[in-house]
Amino acid sequence: MRRAFSVSLLRSNPLLLSHSSGNSAVVALDNQYYYNSSSSSCCCAFTSTFHVYAISHFSTNPNPFKPNSTFPYSSDPTHARLKQLLLEKSKTGFDKLDDALAVFDKMLHMKPLPSVYQFAQLLAALVKMKRYSVAVSLFRDMCVKGIPVDLFTFNTAINCFCHLNRVDYAFSLLAGTIKRGFHPDVVTFNTLIRGLISQDNPAEAQLLFTNLIRFKLIQPDVVTYTTIINGLCKRAHASTAVTLFRYMEKKGCNPNTVTYNIVIDCLCKLRLVDQALGLLHEMTKKGITPNVITYSSLIQGLCDFNRWQDVNQLLSEMNTRNISPNVHTFNILVDAYGKEGMINDAEDVIEFMIQRGQHPDVVTYSALMDGYCLRGEVDKALVVLETTMKKRGVVPDTRSYNILINGYCKKLKVDRAVDLFQQLPREGLSPTIETYNTILQGYFLTGRHVEAHKFFKEKMMLNKGLKIGMVTCNIMLDGLFKNRCMDEAMSFFHLMQCNGLTPHIGSYNIIINGLCKNGNFEKAKIMFESLPSKDLLPNVKTYNIMIQGFLQEGLLDEASELFVEMEANDCMPNDVTYNTLIRGCFHNEKYNEASVLVDQMRARSFSEDASTTSVLLDLLVSKEHDPAIIALRKKYLT
């Protein structure tokens, strides 16, 4: 049922009509506007809905509007004393919430009533304290009691609703702002845009931004552009973000350090580090000063490519500019060195940061532990957790234990991993789904599939707080197949589907591979051919599995046909594809075909792996006079 909705303000503001949330809708019928009362519109007016919601959701106990009557700083506050107090607290916040409420209560009884600016300062103090719901409640009470409000107080309340993840009520206040005769400013809309992005509604944020420009409601400032660019970058839309970045410059709005940092970080995460470096040089030429965030993003991007010389250059540049690396910067270096097995360098970084007065945190030491585990030195990682961290007063977290548990499982020391798993509750920590998955995988790696199944059933399925997803199910499938429990694996697969889990291509890859490895190639082929009917596209791994399966069955021609098919389906072969097929040609004495594949592989910057090279070396010895082998030898030696 629909009820009439008075929105004369919306008629003159098409911007508001463009915005809706969820199933909400403001629709036009015969030039009359109606509100769909079955939903919650972001653009509803500032009506009793807001008042009821505020009273029921944003009050404190006891009643926030009848606090302790004692004024916290003076028994008889004068307006001058109040002015000084609010000026201070609007910047720092009150020490106690009760103090803020007591001040509000006294303000209500002062004659003459304090100015709207002073009430706004009180709300600002609550925002500083992150007491957003209380600020909304006080704002509501101001409106109910007829205390004058201004655009600043409206903006504060809108900001609070956005922080409370209720951007729909923030839009209610926008309508109320217009209805009271105020003109929303750039701060109002910046707040709403930021609220939409924080609630993962970047499309609506972009629509709002577009309409702001289209209807010339405000002149976007650097905060507006930066907020939208940030939303685009969070969704990895780097190209659009850069386009908007250039557009704002054309419109005479100069990006600041924050804007550059957002775009640089986005480019680095998308592995476009050279473009990011270009922006660093650009901003310095324009006199925009980079900061530690700028350099940290770039260092992370360069570390991802092992460009250590460039990393050192940036660190040197930071030193020249008197920009000190922070803990995050150092953690990036420790993590990068650890992942490359350069554990001594990682330890040197930690020592250096201590010398510089920076305190290594749990992230620092977890990265160091991970580096040790990657080298197979799990016991040294344990020393870091049990000795070094304790000595430094750093408390390990669940991730620290997950790293160790994973390290011991990979060393096939599952019992030691289980001991650490059981230690977590004693340390006041809760295992995550990653912890459980690691133990489960560890049992399968050591061939203890019965214990794996028991662990899954008793520790995971019965744990109501644990959300089991496709990662866990794929571990179960892979483990069962690798332990030759094929019937159990297929039963588990059907159980997954019955419980509402939709297998993705990764699940089917595990099954197809498992069937091939367990001598059921025909079943694997049937499942592969059924993928289109399930709206699934084979990926390169799927094709590689099937090509290997055909070759194991001695069906080189079929494997070659599948190789051609995958390219026709826009699935490009990788180095595994080429090496698998080349070895198949060798085994079937199709040396000329192998030679052609070698040329294609190298043209795509792939190279022969150890297995392919080993097979060829054997052929060079056993068939050294074969012309085709001689030609292959020349290719390999060039």
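The backbone N, Cα and C atoms fix where each Cβ goes, and this holds for glycine too.
Curation does not apply to TrEMBL; its annotations are automatic.
Straight from TrEMBL, the features:
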- 150-184: repeat 'PPR' (REPEAT)
- 221-255: repeat 'PPR' (REPEAT)
- 256-290: repeat 'PPR' (REPEAT)
- 291-325: repeat 'PPR' (REPEAT)
- 326-360: repeat 'PPR' (REPEAT)
- 361-396: repeat 'PPR' (REPEAT)
- 397-431: repeat 'PPR' (REPEAT)
- 432-468: repeat 'PPR' (REPEAT)
- 469-503: repeat 'PPR' (REPEAT)
- 504-538: repeat 'PPR' (REPEAT)
- 539-573: repeat 'PPR' (REPEAT)
- 574-608: repeat 'PPR' (REPEAT)
Open item on the list: Under 8 Å between C-beta atoms and at least six residues away from its ends: which parts of the chain pack against the repeat 'PPR' (291-325)?
Closed with: 257, 260-261, 264-265, 267-269, 271, 273, 276-277, 280, 283, 332-333, 335-336, 340, 353, 356, 358
TODO: With a Cβ cut-off under 8 Å, give me the same-chain residues at least six positions beyond the ends of the repeat 'PPR' (361-396) that come close to it.
DONE: 327, 330-331, 334-335, 337-339, 341-343, 346-347, 350, 353, 403-404, 406-408, 410-411, 413, 427, 429
Open item on the list: Per DSSP, what is the helix/strand/coil residue tally across the repeat 'PPR' (361-396)?
Closed with: 28 helix, 0 strand, 8 coil
Task: Structural state census, the repeat 'PPR' (432-468) (DSSP three-state) - done: 26 helix, 0 strand, 11 coil
Task: Residue numbers, six or more beyond the limits of the repeat 'PPR' (469-503), whose CB comes under 8 Å of its CB atoms - done: 433, 436-437, 440-441, 443-444, 447, 449, 452-453, 456, 460, 510-511, 513-515, 517-518, 520
Task: Non-local residues, at least 6 beyond the ends, that sit with Cβ under 8 Å of the repeat 'PPR' (574-608) - done: 540, 543-544, 547-548, 551, 554, 556, 559-560, 563, 566, 615-616, 619, 626, 628-629, 631-632, 635-636
Task: DSSP-derived helix, strand and coil totals, residue by residue, for the repeat 'PPR' (504-538) - done: 26 helix, 0 strand, 9 coil
TODO: Helix, strand, coil: count each for the residues of the repeat 'PPR' (574-608), based on DSSP.
DONE: 26 helix, 0 strand, 9 coil
